[in-house]
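Asks: Got these off TrEMBL a minute ago, pasting:
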type: SIGNAL; residues: 1-25; note: signal peptide
type: DOMAIN; residues: 44-186; note: domain 'SCP'
Amino acid sequence: MPRPTARTIKAATAVSALASLVALAGPAEAASARPPLPSRTDTAFQNECLTAHNAYRARHGAPNLTTDQALVAYAKQRADQITRYDGLEGTRSQPASRQYGQNVHWYRSFTPGRTASCTAAVKSWYDGGRTYDFAHPGFSTRTGSFTQVVWKGTTKVGCAQATGQGPSVYETYVVCAYQAPGNVTGRYRENVLPRR
């Protein structure tokens, strides 16, 4: 199996990153796929995602993001892949594109119709930064979602939400894609700034 390039490390939740690595072992098998969860992505959802991202980025001196429709389409595609192949724990989801940064949030509920908001997803990614060491900047699976959210060089975002009845619980996935991707080795100090 070829090693991933050291130049760029994609941001995702620790579980998502592991799922992507496991997925490199082989192609998805159509026979094991489940129907994807329905997309609940609309303009209001995009605006919510943008507002949440920009509020956290402002704390770190990062410029506002703008919504990009190509990234929205990619995020929808990723949400479809993730929900089709057993969610974040599945081994058959295709790996994320190296062209974009990515964060994935999973929420479960035993109550049908109860979903996670984009605000809650972005907060969970940002809260991962509580353990980020600004004196020794770099990537870790615990803080990679945080660093992608506040990455100064990122200018565009597109998000998608898929929600519905999973195999045992009601599930919501929020996927956000970023351009330019964050978490570039050797570029943390100038892109992940301490809170003002």
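Note: Cβ is positioned from N, Cα and C throughout, glycine not excepted.
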Asks: Tell me the residue counts in helix, strand and coil for the domain 'SCP' (44-186), as DSSP assigns them.
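Replies: Once the DSSP states are binned, the domain 'SCP' (44-186) shows 56 helix, 32 strand, 55 coil.
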Asks: What average pLDDT is reported by the model for the domain 'SCP' (44-186)?
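Replies: Residues in the domain 'SCP' (44-186) carry a mean pLDDT of 92 in this prediction.
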